[in-house]
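> Quick paste of what TrEMBL says about this protein:
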TRANSMEM  19-41  transmembrane segment
TRANSMEM  47-71  transmembrane segment
TRANSMEM  92-110  transmembrane segment
DOMAIN    233-425  domain 'Dendritic cell-specific transmembrane protein-like'
TRANSMEM  275-298  transmembrane segment
TRANSMEM  379-397  transmembrane segment
Amino acid sequence: VADLWWIYSKPVPADGREVWALFLQCSCITAVIGGLFYNWMFASLEYSWHLSTAMAISFSLLLLLALFLVHPARCVFSMIMPTLGTKQGRKLLFSTCIMIAVVNITPNIISNIKTILQVIQCICKNSSDSLLNSTALLEKVSWEFGDAVQEATHSIYKPMNGHFRFSLFQNSSLIYQKMHLAGEKISREFLSVEVLVKDSVRAANRLAAGFFMLYLCFESTWYLKNYLTDLRFDNFYITKQLERLAVDRRAAHLLVGSSKKLIRPTGLKLSREEVVLCLVQAMLVTVALLLMLVVVAMDHFAFSVADTAVRKAAQFSAVPVTLSIKYKVEIGIMPFLFKLFWRPSEALLLRDFNRTYHHQLIFSSAHCRISPPTPPNPSVLLVVGLLFCILYGTVFLETFARRLCRGIAASFFQSWEEKRVLHLFRKLSRRHRKE
């Protein structure tokens, strides 16, 4: 492995064997990266497989040429891998989480809301049917009561036909049509909102992912540029070269006295600035996690409400309605004379009308088209949870990723690393003399 890395990091291969070894290494790297690039475009960014394949092949060929022919390009590409453990890699993971939420969680919430609206529509339709059917019962009652009134009175005092007519029952088809149109309108609006949200977030996520990838390459290039132009940039590590130089110059005490300001690149010690940066980044990840938990909670809440609405609607019992009519017809015998003598008048009962009518108001029916509520997908929650675990891991690994970037740059440009070590040693010597 050390020999392969030495061939990979050398500016120019020494012989034909090293050329073939470098070409095979670059070919393996580009094959793996091309496959990951295709999966990222097709599965995460949701491009078509034709475009994803074409882009992956083109990207792999360009990457192969760049790695094989350009020495600084190999250094930048090698630093991109640990840079994924920094804030730029977290941005890519954030965009992936957002895409997962939009593609899987948001449609589930909208589907459950549709189920709730279907339940409401079913209840409204069946209750209106029952109310309209009750008008037919009232019409029947009015006709029977009117016939009884006409039969009970004398032909001289017989009233005209006083039957009631309910025109509302004749307009039931218009009510059904309006309710159907309202339901279709709501469904179309929800479908258009769902499509708009998906398309907007998909486009925004593609732009953000492309920007983050370009910025990831830019950050690695910027780090290499600062490393090659500024001797003080990221130069506060006790490396093996610095230790050998101090021993050769008989100044090992410089490293012991400066142990509080210098750290070892392979150690676990963090400086105060690195600890503060980790805490700030952890707070930002926590805020993003809370927002994602709100979306997940909305998904569970929508499913719970939809499931409860469907179950309760199926358990709705019919409400009985009873209409009782009591009617008496009697003739008073000389009521005026009885009033003069302060005696109660006597009456002759001609007819007694006492009937009871029953009706049921139905709020739910098995004929309603209600889609079953969609439960939250546990695999989506598992993937999101794993991504956030990786995000928290990158917060604390960011410092070590930057140290690894410095080690990669030092292995690619060893002569320049010697100058940086000499500069740091002289700086420590001057500070020791001043003290």
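Glycine residues also receive a Cβ, built from the backbone N, Cα and C atoms like all the rest.
Bear in mind that the values here come from a model prediction, so they are computed numbers and not experimental data.
Walk me through where these features lie, including what they touch and how far apart they are.
Residues 84-86, 89-90, 93-94, 96-97, 100-101, 104-105, 278, 281-282, 285, 288-289, 292, 296 of the same chain lie 6 or more positions beyond the ends of the transmembrane segment (379-397) yet place their CB under 8 Å from a CB of it.
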> In terms of Cβ proximity under 8 Å, which residues at least six beyond the ends of the transmembrane segment (19-41) contact it?
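4, 7-8, 13, 47, 51-53, 55-57, 59-61, 63-64, 67-68, 74, 77, 209.
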> Cβ under 8 Å, sequence separation of at least 6 from the ends of the transmembrane segment (92-110): give me the contacting residues as numbers and ranges.
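Sequence-distant neighbours of the transmembrane segment (92-110): 44-46, 84, 190, 193-194, 197-198, 201-202, 205, 208-209, 212-213, 216, 288, 292, 295-296, 298-299, 302-303, 374, 376-377, 380, 383-384, 387-388, 390-391, 394.
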